[in-house]
Structure formats: C-alpha cells, structure tokens
Amino acid sequence: MSRPHLQQNVSFQDTKPPSRRAGRDDIPPRPPTKSDPSKASLTTTTTVQSVGGYNNHQLDFDDNAYVDAGSSNPQGFSDYNGVRRKKSMVRPERERIDPNHRLWHYREHAAEDQVDIQPSSTGNQPYNQYNNQRPGANLRRGKSLLARETDDVDDSSGLNIFKRGATIRRKASRATPRQAPTGAQSNRVSAGQKEDEECCCLGNFAPGPKNCWMIYCYLLTICIPGFVIAKVFGKKTPDAQRAWREKIGIVSIVLYLMGAVGFITFGFTQTVCGDTQLRLPGGSANTGSLVINGYDYDFSTWRHPVAGDTFNGTTSPLYMDQYMAGGMDASFLFQNVNQNCLGLITPASGTGIDHDGDQMGWYFPCNLHDQNGTSAANLTGITDRTNCHVSSYARSNFSAVVPTAEIYYTWDRVKDESRNLAVYKSAVIDMNLLQWLDDTQVSYPEFFNTIKNRNDSYAGKDITALIERAGLSQYARCLTDVIQIGFVDTITIGCIMSELVLYVSLVFILGAVFIKFGMAVVFGWFLSWRMGNFKGESYQERMKRAAEIENWTDDIYRPAPGYLRPNATGTARTGVKKNFLPTTSRFSRAEPMLVSSSRPSTSYGMVGETRRQGSSIYGNKLGPPAHTTPPGSPLLRNSRSSTSLPFRDDSRHSISDRSVNNNVPCPFPLGNVVPQPAPDFEPFGYPLIHSICLVTAYSESIEGLRTTLDSLATTDYPNSHKLILVICDGMVRGSGSKQYTPEIVLGMMKELVTPAEEVEAHSYVAIADGHKRHNMAKVYAGFYAYDSETVEASKQQRVPMVLVSKVGNPLEVNDAKPGNRGKRDSQIVLMSFLQKVMFDERMTTLEYEFFNAVWRCTGIPPDRYETVLCVDADTKVFPDSLTRMNACMVNDHEIMGLCGETKIANKSETWVTMIQVFEYYISHHNTKAFESVFGGVTCLPGCFSMYRIKAPKGERGFWVPILANPDICEHYAENVVDTLHKKNLLLLGEDRYLSTLMLKTFPKRKMVFCPQAVCKTIVPDTFRVLLSQRRRWINSTVHNLCELILVRDLCGTFCFSMQFVVFMDLVGTLVLPAAISFTLYIIMISIIPQSVTGMPRPYVSLVLLAFILGLPGVLIVITSRKIAYVGWMLVYLISLPVWNLILPAYSYWHMDDFTWGETRKIAGEVKEEAHGGKEGTFDSSHIVMKKWAEFERERRWRTGTASRDSQYFDVVQRANSPRSGIPSNRYSIVSTSETFNSGLGTAESNHLFRQSQSFASMSQVAPSPETNYGNVPQLALPPPRGASIGREHSPSSTESGTSNNYAYGSTEEPTASNVDPYYQPFTNEVYQDEAEQPILPSEYTTTSPEPVYQTAPARVRQPSQRGVSLVDTGPVRSAQAAPHDAVRRVSRHQRRSSSKNQLVSPISSGGHTGSLPPGAAPPQY
C-alpha cells in the first residue's frame, strides 16, 4: 500500500487503511520538515476518501515517523528523496510490484476479482456507483515484456479491450483528473505518441520504437540511404529496411566482440609485453657471439674492418688464434667511461692511461675475460690502447650493431657462493671484476675495495635498498656502467598482466569446461536413471531398454518392441491396490462419483478429509439424470483423475440415455468416451494425471503425421488420461501433397461427436497485426483412426482426439495460406484457453467450442489437465516416454518443464546427417545434463518437451498456474513484432522463448532433462535445408540468451551462477567464427617448425583445445559406454568449420530473414513471407467474448431447454435428493446441470448427491434496490427474486403431491419435521488454524451457523466470485489480505465425508467468499 500524499501530520493507527494499488508513476510523499508548524501539533488529521467499501479513516503520525528532508540522516537517504522503503533480498513480500515484475500480470488477474463491476462490453469506462470512482482505477496492466504497443484497432469496433491506440475517449479521460485512465491505457497512449513523434534532428527515420539502439543502428548505416537498401539488398518496405539496419548494428557488435577476443588472444600480449628481447641465461652464449655489458652480440658472420696489420677486413677476431674471442666477455674492449663514473674513477698520479683531466680513455685493461667469471685478473697492457676502441669511428660502428639477446641470471646463480654477484635494480654486477682496477693507474673510492672481495653484506643480494639508504647511489650507477654482466631474471609489469589475463582466462574456460563435464557425469551416473524411472526397474532392464532404443532409432518407420506397446483389449489391473478387509458394506453410501484421489483435486473447492471413500454395493450405477451433466458440473470437480466421469467401468448406462420423466435430449452425449479407472489405479507406481498431447502441424506429409500420431496413440499411458490435440496452422498443402494438412488429419479421425460437414468456423484473437488478428478455426472432436498397415489391430487403442483447424478470416480466402499465423499462435490457442478456463475469464466462441469438444470426447473438463506434451508433426515418440515424463512431473511438483532426448533416425543417409549425430547427442548429454543438475535447462526443444499447466501448492489443494499463467500467456502472445529482436524471438525461436519466459517468471522452479524419455526424428539431409534450419536456431539462440541474461534470480552468484554461464554461452556463440579461425591458426603454427615461424609453440592454447574437444569423448565412454558415438565425434570434429564458421556467419548476415526457408515448403507459394507483417486494420466486432457460463446460458435458451430468465435466478432441484418431492431453495446465478435436467421424482432417485451450496445462496452483498436493470449491458444483474421467472417446473416438482411452500419469495423455512433425516444443515466451520481461514472482508464474516435452506430475499443478491470457476458468479467486494502474509491463500471448501451425503458444486463456496485464486498475492508496498 503506498502512502497518500500528505499535507500535514498523519498517523497510521487505524487497523484497516483503504486498499489500493500503487501506480507506476506514483510519487512517494515528501516528509515534513522540521520547520513545518504542523509538526508541533499532532491533533491535525487528514481525511482519506473511502475506497472499496471501507469507512473513512483518519491518519496521523508522530514526530519520529519521518526524518527531516533537509537534514543529513545516518541512514544514507538523499535529501530530496526522504525515507523510502528499500527492496529486501530476503522478504519477497516487500518487493515493489511494478509492470516489470515477473508476476505482474498474474497479480493483475488475481486483483481483478476485487473489482466490483464486470468488464465493459460497450467500450465506455465504468464508474463506481458509490463515489464515481472506478474500482481498480489504480490497477495498472503494465507493458508487455517486449514493450508491446499497437494502434491498429478500428475505432468503430465494439470490443475496445483490444484498443491500444490513443483514442479521443482515452485522451479525454486522461485530461480529466477524476477519471484517470488505467495504467494500460496511459501506457498505450504515451507509447502511441512516442512512435509517431520525430526523434531530435533525425526526424521520423524508421518505423517502430526509436530508442538508443535504433539511433545507433541508423547512425551506423546513415551513409546508406533507403533507396540503396531497396535496390541493392531488396528491402522494399520500411519495416524490412529497419530490420536490415538493426542487422548491421548486430553484425558490428559481433565484429567488435571478435576483435576483442582476437586482441586478447594475440594483440594484448604483443602490446603490453611485446618489447621484450630474446633472453639468454648467463654463460650460455655460443662461440659465434660476444657478451658486451650484459648483451649478447651475434658476430658469427661479422668481419672486422681494416685495422693496421692485424685485420685486413676479411677476418674475424672470434676465430683468430691470437684472440679466440668466441663466447668471451668483451665488455672491457668497449668500456663506458666518463659517464656515471666521472669524478669517481680518476687518473692516478703518474698514470700511463690517456686522460684529459678527470676524463680518462679507459679504466680497466682492454682484455677479454670468461663469461662465467672464472678468469683471473689480467692487468697486462693496461696502458696499451690497441684493443680499447676509444676512437669515435670504432664507437659509431659498435653502436650500429644491434644486440641479439639479453643475458639474464636467475636468483640461484646470483646467490652462487663461488661468485661475487649482486643486483642493483635490474642489473647484475660482478664485483670480482673490480680486482682488474690498478690503483697505480686509477684512483677509485674505498667502497670498491670493500666489495671487490666477497662480502656477505652485499654478495648474492639485491643491494638496491642498502645503497639507497647509505646514499651510495652514484657508486652503484658507476658500477653498472663498468662491471655489469647481465640482468636479473625478471618480468615486466606488462608481461605480468599478459600472463595474468592468459591464466585467468584459462581458469575460467577450463573451469567451465570441467564443471560442465563433472556435472554431466554426475547427472549421467546418479540422476539420469532416477528421472522417470519405475520402481523395481533393475540395471539390466535399463540397459536392455537402452539397446532397444538404439535399434529403434535406426529407422523412422521401425516400430517399438511389441511388449512396450499395450494391447487395445488389455484390461490389466496390476497397479490396483487390493485390501484384505472389505471397504464397503450394505450401509455404505452409494457415492460412485465421490471417491477422491490421493492427490489434491484439480478443481477449486474446499479442502477436506483425504481418506478414500468406497462406493456402495447399491450405487454402482447412476441414473440417466446424472449422465446429462455438462462441463463444469459438480459431479466432475471432486477428484483429480479417477472420478471424472459419472460412471464406473461396470456401469452399462449410457450418458446419453433418457429417463422416463426426462424427455429433454442431452446436449452433450458421452456414451462413447473412454471410462475412467478406479481412483487407486496406479499401474506405474504413481497417481495418474491427465495430459494433453499437443501436435502442431503445418505442411507435413501424410507419412509424417501418421508416424507421429501412431506413436502418441500407442503409448502405454492410459487412454483415459491422455488427449491428442492437433492444431493445424492454416489451410496449407505441403510440397507435393494433394490434400490440405487439416484434411489429412481429419481423415485420421473417426466417431466425430459432430459430423464434419456440420462443424462451423469460430472466431478468435490470433497473434498477428492488422486484420489477420481476427482468425477463424474449426474444432473437430472424436477418436483417432488407425491405419492397419502401420499399427496392428491388437495395438489400436481407443484414444480421444481433437483437431483445431485454422481456416482464416473472410478477407484471406484467396491467400496462399489462409489461417496461417505461425506455430506460436497454435500454442497460444491452447495456452490462452487453459488460462481462461482456470481464471474463469471471458473466452471466444472458438474457446467455448473447444471446451465442449474436449468434454464430449473425453468426459473430462479441460481444467483437469495438468501437463501438455508438445510434439512436432515429424517426431515419433517411444511408447513409454509420456509415462516417464509424467512420472517426473508427479514425483517433483517443482518441475515446470522437461524435455526428453531426441535421436536421429537417418544417421547415415548423407554426410549432412552424419555430422549432426554427435551434435544432437552432446547437446543433450552434456549441455542439457549440466543445466538439469541445477534445474535450469535454458531450451526445451519444441519437437519433444512437456510443460506443467498448473502445479499443486501445499497440502490444502491449492494450485499455481504455470503454463496457463497470465504473465507467460501475455508475453508469449505478443502480436506487434516490430523490432529485429522481437522478430527473432517470436517468429523464429518461439520454443526457446517459451522456455526463457518460464525461467523468467518462475526462476525458482525447475526445467530439467529426462533422458529416459526418447523420441526420434528426421534431420535435414541436404546442406541447403540444414543452413536454413540452423539460421533460425542460431539467431533465436542469440536473442533468447540476451533475454535470459537479464534474469537475476537464477541459481548461483557472480561467476558461480547460471547467469554467468548464460553470459559465457552468449559471448561464445557470437564469436564462434573468430574462435574456429584462431583454433585453426594455433594448430597451424604448432605444426610448422619453430625455426620457420620464429614464435614459441602455444602449449597452453593446445592444452585448452585438447580439453575442450576431448572431454566430450571421455564423457561418452564413462557415461553411456556407446563407443559408436566416439566415431560420430570424430566426424563432428572434422566438420567443426561448418558448425563454427559457415553456419554462424551465414546466420548473422541473414538475421533479418524471418522465414522458415527450405525447412517447410508448401504448394502454391511463390515467395515465403514472415508472420509479423501488418495488413489492414483489426476489427474486433467480429469476435464475441463471454464467460463460459454466459455462452452456456445462451445455448440453453436458444435450444429451448431453459428460459432466458433462468440465467439469472434458478431454483436448483436435485434429481436424487433425499426428498425429491420437496424443492430446494438453492438459488444459483447460472443454469446448472441440475436445473437443466432435474429429473425429480424419477425411479432412480437416491441419496447419491450432497446438498450443494451456491455462491448466490450465501452471498451477503446486494445492490441497491433502485438499480436500473434495463441499463446494464450484457452482464445484466438478476431480476428481483419476487419477480416471475417464467420457468416451467419439472414434472416431479408439480406432481409430487407436496405443496410448494418454498416458492420464490417465501419466508418460511423448513422445519426439522419436514426435512429428510439424511439432510445435514450447512454450518460455517470454525477454523482452528489461522492458515485454514479463508480471507474474507469484514462485512462477509459470519460466526453463527447458517442453514442450508434459505428463504428468497426481497431483492436479488449478487453472487460472489471465488477462485477458479467455470461460471459467472458476478462481482465481489474487495478482500483485505492478512498484513503478515505476502501470498494470498484461498482455501478450497472442505469436502464433507460421505456420511453427510453432499456433493460440492463447481460454484460452491461453502459460505465463504474470497477474491483471489489460489496462490495469488495482493500487492505489497
């Protein structure tokens, strides 16, 4: 809750402040200053306007509530910000919920239950009748994750909920202070203005958003005008030209990164450590060189100039017998005189050395000495200048010679006690050479005599500090000039930095490689066989199964072993638990529908006792009235899986049967559905859950579709718990096919619930821009029809199947691909449908027909399904894969998605398929295995993966929507794709983006890899198709990693986190061309001899390369023991230039190509186009959106089975109530199954059903009696209860012989004498645990018991809405969340025991009202 704007002192003493949602633009109040005169008086208060039905509150606070804004406070708050609540790392309830929050849309959907009005159907903004304020005005729908904006809706449209532009109404409402628009409207208005306005001096240079990135791309390509792009590069439209400019921007970043990698690899060392000369250890100079003043000079080919009679210009002193100078130290022949020693070494009196004052010609005798320091002092010819090279000519010639190397000495040699060496700074001096000074010829300091003989104070040490402290630095510099023999073995700071960068990079790269390798080994040895494993499965059985899988994957058409595919006629009940003692008796209640599962129910009701309830021996069959139950009936919402149908296997009654007294035909005949097994039927050791097998089809062939559907239909998962759903993306024909893809699929169906010729197309909101946002589709429901040539008759199971065929809107009848909206749209058809079912939101006519189709072919309401298996239409699934994937889901509720292993069926077809075998293998068993250890698989392949629709939460029956989460559906259903980033995410890499969305929305849940689940597929066999496929994959990978790198909540921290791994993957993917080029370069210079290259061998790089390329082979050997894959690895290594150079480079340059290229070819298409283009204007008037209950009311009214008034006020009279002749005063806002076919007074009446309590019968909220019902559009309020309903009562209600003392408006309650003994009055339970209490507003709280039969009130009651329900229960009041609880928990109604003989209604609330579905959290500020 954000604070109100404060003008004076307030205090927070009242317990229930008004609840509101903070807007994104809300500004926290400034705290009062110390000079504020109101500070001294705490009696002044500020009245806050009542909101949401709460009373007005007076708020004030004391002196210590705020710190002075102008003072410096110790907490570190800025002077102008004041006190603000900071985000906490350990208190998630304190995090600020803004439109960028990962659960923003989910909380918005949950908070909408608090709004006191229904969504508008006219486009007018609704107002609160109490204070003229729109409830929920502070609710901000927020921006899309990808900043979705659009303004393409026709102004004359009737459904303005799709409006995103700046309409006149929105502008007017924005200008009116008291009618502030919602956050969604304001966001869309501002965004619409932003796209149209010009950007500084650049003008309107590109369509779409003009952010810093687009400005950079435009400036980078400003020298290339649009007409050049259109003529040369073929980009005609402004959107295509924008994508081309963005592509150039991304290519520039790739080049920057590759240049940076190349500089770090090669240039950095040369830059910071490139001036280092060749270094030779002291004493290692060869006979072809001389050592002079610490440097080695190569004189092997040098000839001494003509000098007297000794040298004639063709001889070298190195090889003359009188010199033999090769390998000697000739420093005394080229002495550094009169520099640092000037004034220190002076001529002695009577010296024979040439001198001029203090300047001398030489100091030492000009003789050679050994480079190892073994020569004794030789003072011969000290006055002879022949060898001293003192002339300027000799000195200039010597200076022209470049030294070959530096002579260096290690510290071990410096400390050699046989020598008298010392180090000054970096120079090594031989103090024994001072003995060559003749004191009769030169004068020198006494310090030289101190050190010329070995002195432990100086010898073998670094004397730099000692010399500096003693003030003898000039002496040391002089010694460096005359007796330096080399340099100490040191390394420059640049070389240190170079090596540091090298080894740090090595550590990170090898660390990542070894950690990934180690985790993959851990996964392969300890985790992989546990995932999806069945209890009691031995190691030998697992190895046998692995061998059978390898044989199975050799051919795409090879069937799996017969024993793994169950027989169609099998009725094995091996998993049924048997009890020694009987569980029923003749006194047991006849409740075949009320046997609950051991797992929590999929419906929202009350959490009650979890003990199993057996069926009575007298109640094995249900009467026909119970068989006419429509979807959403209370008969179907008490268990998760085992009691979804109103009959048992031993019941021979058809649901479409009619009773003698019930002549109304059942609208949903279910006589041919697959029976549901017993609740304790666990053939695989875990409770069964309902699964949808989603197959997205586009232009596949008959063989490909048949292969996929056969494999799904013959899986060993029970048919009662699986549904095959095929969504055909448009009326398209594959290349060479004579039939449209929907026609092919429809030919594979039988026993359609509605004849194919009678199926009509229904509208829905598609993922597109322009008029294509309106799409139409047909829904066919039936059973899968096998081909006896592909599946033997004994294996042909009866599997329900639904086909959704997109046929397009009337404007695209003549298009090449009518109805085609992309694979993402096909997935959203299902995801959006599941979300609307879970949240009881308005749905389109297609989704309503979809709901009924699922019900009619399965007998299972769609909200019962928990998982969805996504399979491409060219994939064949191993028979037990679905079972093993569901086992992972059931055993670990934290898993929200998983994928199996995809194997190649055409391994040896061409060289193109051969190079892909190991790539597929290592991507699963190395990359995904490593990510699975941490529960963060970043990419679940769309060809074979499973997602969790909803997850159980706790032990009280709560559910958390996962795939059906509004945040995931909202972001995944992005319809305006106007940037290169969004196009690569949503048009090419939709499967990977869905994985990214789930990780961003639920970073603490798991995405895992299940190697036990296996499928096989056909990979591209030509390089052209492979190039097109990998272009899509690589580009989508880059953009998805960019999204995933922003997720901060992944496991780990800093460098030891999945976020850092994602960053390394991103950089590694972008620099792949440079990496393979550098690899080839290193291999080449390693092969070429060092004498030719002149460079040392890169051993570190070679070791790194060996680990990177060799560890996958080791992984194969120690985990799978499939030696054949080592051969495939060698093929892969040979093809590395293709994978790392050709494919990435091609992909980056074609990043603005958003088509599927050669992967999917269709007939009749000249040039393929992407799905993101905008054509025309979207007119939403063609789309009708209502809640399921409203559709159902209208259907029943149109078929004449119920009056129009019955949709507002019904008396529910149960067919099998204890006293069928006494009508029940159960008031319902909907026409339920019991009012549709009550069947009172029939011979089948019994005590099966519990007395149901509806929301309407318990709601304590009523509108004003003066409400004008005529002005309420579409979702009109019910008429007063005293009004005539006009509904014909059932025969039993009029012929029962009992007077109708409980008609509408009656105030008389039944007495104990006229109530059946089996009737148990409803009472409000007293909750002992605070966590069990439903969260109720104060005005709803009741403490006294309430009888189940209530008299009809004088005016219509508004029903309350609770959790997820498939009925329209009307508006509700705002509920106050517990201040200490960050998560809003809405308890389901406690299921009463069978002895109370009651059945929970789908709209039952048990007398309590909540406003948020399970797991929803109110905003916390």
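Any Cβ shown, glycine's included, is placed from N, Cα and C.
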Swiss-Prot annotation: P1096 and S1180 on one membrane face: yes
Selected residue, Swiss-Prot feature N-linked glycosylation site, from candidates N397, N567: N567
N-linked glycosylation site per Swiss-Prot (candidates: N9, N906): N906
Of the residue ranges 170-189, 570-589, 810-829, 1210-1229, the one that Swiss-Prot records as region 'Disordered': 170-189
Site from N378, N1035 that Swiss-Prot describes as N-linked glycosylation site, others unannotated there: N1035
Folded-back contacts onto the transmembrane segment (1098-1118), same chain, C-beta under 8 angstroms, at least six residues removed: 502, 506, 509-510, 513-514, 517, 520-521, 524, 918, 921-922, 925-926, 1079, 1082-1083, 1085-1086, 1125-1126, 1129, 1133
All-chain count of other Cβ atoms within 10 Å of N567 (N-linked glycosylation site): 15
Contacting positions for the transmembrane segment (506-526) when only residues 6+ beyond its ends and CB under 8 Å are counted: 925-927, 929-930, 932-934, 1009, 1055, 1061, 1064, 1100, 1104, 1107-1108, 1111, 1114-1115, 1118-1120
Densest Cβ neighbourhood among N551, N906, N1035 (glycosylation sites), 10 Å radius: N1035
Spatial neighbour of N906 (N-linked glycosylation site) that is closest, considering only the glycosylation sites N551, N567, N1035 and their CA atoms: N551
Folded-back contacts onto the topological domain 'Extracellular' (1119-1122), same chain, C-beta under 8 angstroms, at least six residues removed: 520-521, 524-525, 550, 925
Distance [Cα-Cα, Å, rounded] between N551 (N-linked glycosylation site) and N1035 (N-linked glycosylation site): 34
Alpha-carbon spacing, N1035 (N-linked glycosylation site) to N567 (N-linked glycosylation site), which is rounded to whole Å: 45
DSSP residue counts for the topological domain 'Extracellular' (234-247), split into helix, strand and coil: 10 helix, 0 strand, 4 coil
Counts of helix, strand and coil residues, the topological domain 'Extracellular' (1119-1122), according to DSSP: 2 helix, 0 strand, 2 coil
Intrachain residues whose Cβ lies under 8 Å of the topological domain 'Cytoplasmic' (1089-1097), provided they are six or more past its termini: none
Residues from the same chain, set at least six apart from the ends of the topological domain 'Extracellular' (234-247), whose C-beta lies under 8 A from its own: 206-208, 213-214, 217-218, 220-221, 226, 978-981, 983, 1148-1149, 1151-1152, 1154, 1173
Assigned conformation of N551 (N-linked glycosylation site) - DSSP reduced to three states: helix
